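Asks: I am attaching a structure below and will ask some questions about it afterwards.
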Amino acid sequence: MSKTVTVTGAAGAIGYAILFRIASGQMLGPDQKLRLKLLEIEPALKAAEGTAMELYDCAFPLLEAVDITADPKEAFDGANVCLLIGARPRQRGMERADLLEANGQIFKPQGRAINDHAADDVRVLVVGNPANTNCLIAMNNAPDVPRERFSAMTRLDENRAVSMLAQKLGVGVEDVRDLVVWGNHSPTMFPDLFNARVKGQRAVDLVEMEWYENEYIPRVGKRGAEIIEARGASSAASAANAAIDHVRDWMLGADSLHSMAVASSGQYGVEEGLVSSFPVRLPGGGEYEIPEGLEVGDFARSKLEITIGELKEERDAVRKLGLIG
């Protein structure tokens with residue numbers, strides 16, 4: 001049976017980088033037929049039409065149709081998978097509260113449209129930043145959709161962390177397992193080497209603590225800014241790749257721990273209801289579970305408190321703005 005995949009901000013750089021990979025079967029598998037729905041703001045609809053033309057011109061066997069709209073109700077109607085990529089970027093002189101409010105005007109109505117029109121088995125990935133709190137807004141405005149269906153992307157942070165560690169140790173990325181990121185998708189995030197393994201060895205035992213704390217953690221957290229500085233534009237292909245990884249493993253399963261920002265049920269002391277990145281096991285079928293009993297020592301706890309504190313501040317700000325109850 002065909003699946004409907006809705007992509008917002010479809011005419012943007014990440015949208016352009018991801019749509020062809022979805023249509024080729026890299027996200028939902030090589031046998032899954034699909035229909036794409038592209039949601040864009042009115043001024044970008046013509047660009048989205050051009051992308052749709054190219055998608056058709058690729059003659060992907062799995063792609064049944066491409067629909068383009070500026071109406072969230074149409075875009076999310078019958079959607080099985082929603083990739084919320086479109087977001088308001090921070091502009092010069094903008095305070096964080098302004099950014100949260102601007103994005104609230106996007107993610108509040110999208111949450112409602114998902115609630116009212118998406119398929120019963122919908123799964124949602126928020127990519128647009130600030131991703132954790134945008135996810136919180138959408139989730140809180142979709143009260144009829146189980147909150148386990150909503151997630152925000154921290155897989156790009158994980159992929160960056162894995163690659164940097166592999167380069168440091170001179171190993172392949174496939175030798176690094178269970179390396180996850182906790183907390184917010186921001187420079188406060190905490191990449192966890194205590195529970196990660198490299199060729200079966202504890203990752204934290206293979207590096208100097210000084211390097212871990214003062215070089216590795218800050219560089220993972222600020223990698224996005226480093227890329228903007230180098231190429232004059234934000235990460236697009238790597239963000240698209242991480243979104244593919246996230247949804248593929250969520251739907252089809254994975255044999256390693258991975259990072260997903262999901263609603264907390266109080267695990268590891270993270271306040272109930274906050275959308276925080278956690279380590280997750282992914283059995284497939286759009287399910288996830290947060291494992292118990294992972295090592296969270298004093299160092300990790302101190303880092304967690306900082307990033308969770310930031311998430312609480314963002315939550316309180318959007319609550320004050322009336323974007324969540």
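Along the chain as shown, residues are numbered 1 onward.
Cβ from N, Cα, C; glycine included.
Predicted, not measured: the structure shown is a model, and the values here were computed from it.
Swiss-Prot feature annotations, pasted as is:
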BINDING   Gly9, Ala10, Ala11, Gly12, Ala13, Ile14, Gly15, Asn103, Gln110, Val127, Gly128, Asn129  NAD(+) binding site
BINDING   Arg90, Arg96, Asn129, Arg160  substrate binding site
ACT_SITE  His185  active site, proton acceptor
Asks: I need the most crowded of these recorded positions: Arg90, His185. Count other C-beta atoms within 10 angstroms of each C-beta and give me the top one.
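Replies: The largest 10 Å Cβ neighbour count belongs to His185.
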Asks: Take the C-alpha atoms of Gly15 (NAD(+) binding site) and Arg96 (substrate binding site) and report the distance between them in angstrom, rounded.
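Replies: Arg96 (substrate binding site) has its Cα 25 Å from the Cα of Gly15 (NAD(+) binding site).
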Asks: I'd like the number of other C-beta atoms within 10 A of the C-beta of Arg96 (substrate binding site), please.
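Replies: Around Arg96 (substrate binding site), other Cβ atoms within 10 Å: 14.
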Asks: These are the binding-site residues: Gln110, Asn129. Which one scores highest on other Cβ atoms within 10 Å?
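Replies: Per the Cβ count, the most surrounded site is Gln110.
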Asks: According to DSSP, collapsed to three classes, what secondary structure does Gly9 (NAD(+) binding site) have?
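Replies: Looking at the DSSP assignment, Gly9 (NAD(+) binding site) belongs to neither helix nor strand, so coil.
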Asks: So of all those recorded positions, Arg90, Asn129, Arg160, His185, which one's Cα sits nearest to Ala13 (NAD(+) binding site)?
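Replies: The answer is Asn129.
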